[in-house]
Every structure is written in structure tokens, then in C-alpha cells.
Amino acid sequence: MTTNNAARDLDWLLDELVERAVGTRCAILLSADGLLLGRSQELAKEDAEHLSAVASAFQSLARGTGRQFDGGKVLQTVVEMERAYLFVTSAGSGACLSLIAEENSDVGLIAYEMNVMVQQVGKFLDAAPRPTDNVPDGQVPGSPGGR
């Protein structure tokens with residue numbers, strides 16, 4: 001099935017990123033609305049879905065902050081924790097790349113490797129918007145009563 005093949009291809013790319021970017025624990029691809037598109041093999045599906053929701057929230061907050069305080073487009077969001085880093089980077093229109101890295105990682109190298117991956121495959125990572133066929137104007141697709 002095409003969807004499964006595409007997901008496997010994304011998973012393979014994420015596995016490659018984890019190997020290349022020394023200190024990376026795991027990586028995911030997600031849609032702008034937080035849906036998991038792919039995950040590296042180290043990450044269980046449940047954990048990947050949780051990370052996807054977290055990364056989506058951070059990316060949304062960062063974009064809102066950029067708009068509110070005239071900071072411009074968000075290039076990357078980095079959260080420094082006691083024993084790890086969380087990175088979130090836009091990957092095509094409507095998609096994000098996120099990873100967790102060890103506390104002693106070279107954050108510059110990881111950011112570079114993430115951007116290399118996005119540049120190489122970004123056009124393939126564009127997450128298509130949800131279909132709106134047969135939805136009357138002013139109604140939200142998939143919601144009860146259209147709103």
C-alpha cells in the first residue's frame with residue numbers, strides 16, 4: 001500500500017538522521033496539526049505520538065510568539081532540559097521534523113544535520129492540507145454540523 005511504503009521511507013530517513021547526528025536518541029516527522037508521519041526505530045509508536053503532540057504544541061507557540069513580538073518566521077525551536085534537548089524544525093509546508101538529543105550533544109551539528117535533511121527531502125515532506133471537498137463555505141470539515 002502506498003501510505004505504508006511512504007511511511008517506511010520516512011522511517012528509513014529518520015533512522016539515517018539518528019545515525020548521522022551523533023547524540024540523537026530518536027527522531028520523528030509530524031504534520032503541522034501534530035499527526036505522526038514517521039518515526040525512527042528507537043521510538044515506540046505511543047512515545048512517537050506523544051512527542052508529535054509536544055513538538056506540534058511547541059512549534060505553534062513559537063510561531064505565535066514570532067507573530068506577536070515581530071520576531072519573524074520561526075526557524076527552529078530548541079528546548080534545553082537537564083538531560084536532553086528537544087529540537088523542532090519546519091520541514092516543508094505543513095510538516096515538522098523533531099528529535100531528542102543527549103545533554104552533551106553538539107547542538108550546532110544536530111541543527112545542521114536536521115537542516116540538511118530538510119533541504120534534501122523537504123519537497124517530499126510537504127503534508128497536504130486536509131481535504132475540503134463537498135464542504136459548504138464557512139463550515140469546518142469533519143466537525144458535527146460543519147462547525
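Note: Cβ is positioned from N, Cα and C throughout, glycine not excepted.
The domain 'Roadblock/LAMTOR2' annotation in TrEMBL covers 11-101. Note on the domain 'Roadblock/LAMTOR2' (11-101): its mean pLDDT in the predicted model is 95.
The region 'Disordered' feature in TrEMBL is assigned to 127-147.
The residues of the domain 'Roadblock/LAMTOR2' (11-101), classed with DSSP into helix (H, G, I), strand (E, B) and coil, number 34 helix, 31 strand, 26 coil.
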